[in-house]
Ligand code: NAD
Ligand code: APR
């Protein structure tokens, strides 16, 4: 790994599973008892805003009650210790466990549970309480706050920044994602086209496993720290 300079790391729900946050497509996944159309689409929000606000109130409370696990802490050490080039963690997760695990260079492409977005003035505010009682936006005073989450059918955040980082990386690492949802599921192909090595760290084979140069299977809390120690020792 000595020729590695610039690293892009994509993370999904699997990295936070051992912190007690449910993933989406396991047998007990979130989408089993919360139909996506009802709670994770703009149409669902228009149809029943209170149901959607309750769903994300629940996510917000669970994120606040969770703690970073050994995988988040290891990536925090890597972010602080990687001096040979750039490093960017692109997460599909809406929790703040990367940041609480010590990472600073984190980009949330699907938004954040602890953020509220005003559809009137476009301001974003850190939000830890409920949104069910239609609180006024701290910036414009209008009752037009929604969860700052990218729903199905909406455009993920900061895509230009992400593609630029992938185009310039030597190593692309995917951790804890099923590879079921685009555009994140296509990042590994982009990285391959840019000539980067690609490594998958996941509990089980994913939809993209055959595309990666290397796949290591195991629990994130075990295989991520082992990989980080390799990188920092290299
Ligand atoms: P998409 O249409 O590419 O999603 C396709 C995939 O999403 C499917 O392969 C399936 O895995 C999943 N999906 C879609 N509909 C589903 C359903 N009814 N039940 C279960 N799974 C379903 O995604 P999109 O519409 O282009 O969404 C744009 C972006 O928004 C994507 O990156 C997506 O990941 C993101 N998103 C975020 C959240 C969130 O809560 N953070 C929720 C939904 C979507
Ligand atoms: N360690 C490593 N990987 C794990 C662990 C673990 N302890 N537990 C689960 N996994 C893996 C599963 O094997 C699975 O491949 O994490 C992956 C979780 O996949 P999903 O539940 O599909 O979650 P994710 O890939 O993040 O979903 C992508 O879809 O619904 C949208 O926006 C939502 O961000 C989400 C996106």
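Glycine is no exception: its Cβ is also placed from the backbone N, Cα and C atoms.
Annotated features, as they stand in TrEMBL:
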type: ACT_SITE; residues: 110; note: active site, proton acceptor
type: BINDING; residues: 12-31, 92-95, 176-178, 202-204, 220; note: NAD(+) binding site
type: BINDING; residues: 56, 59; note: substrate binding site
type: BINDING; residues: 118, 121, 137, 140; note: Zn(2+) binding site
type: DOMAIN; residues: 1-234; note: domain 'Deacetylase sirtuin-type'
DSSP three-state assignment (helix, strand or coil) for residue 28 (NAD(+) binding site): coil
Rounded mean pLDDT for the residues that make up the domain 'Deacetylase sirtuin-type' (1-234): 95
Same-chain residues at least 6 apart in sequence whose Cβ lies under 8 Å from residue 56 (substrate binding site): 39, 113, 131, 147, 149
Cβ-centroid neighbourhood (8 Å) of the Zn(2+) site, 118, 121, 137, 140 excluded: 120, 122, 123, 138, 139, 141, 142, 144, 145
Conformational class of residue 118 (Zn(2+) binding site) under the three-state DSSP mapping: strand
Residue 56 (substrate binding site) in three-state DSSP notation: helix
For residue 121 (Zn(2+) binding site), the one of 12, 176, 203 that lies nearest, given that the binding-site residues are compared by Cα: 12
Inter-residue C-alpha distance, residue 24 (NAD(+) binding site) and residue 118 (Zn(2+) binding site) (nearest angstrom): 26
Number of other Cβ atoms within 10 Å of the Cβ of residue 92 (NAD(+) binding site) across all protein chains: 21
Chain-internal residues, separated by at least six, CB under 8 A from residue 118 (Zn(2+) binding site): 124, 125, 137, 139, 140, 142, 144, 145
Residues among the recorded positions 28, 110, 118 that border ligand 1 - Cβ under 6 angstroms, in sequence order: 110
Binding-site residues whose CB lies under 6 angstroms from ligand 2, from 92, 118, 140: 92
Neighbour count (Cβ, 10 Å) for residue 24 (NAD(+) binding site): 19
Least buried by Cβ count (within 10 Å) of the binding-site residues 12, 20, 176: 20
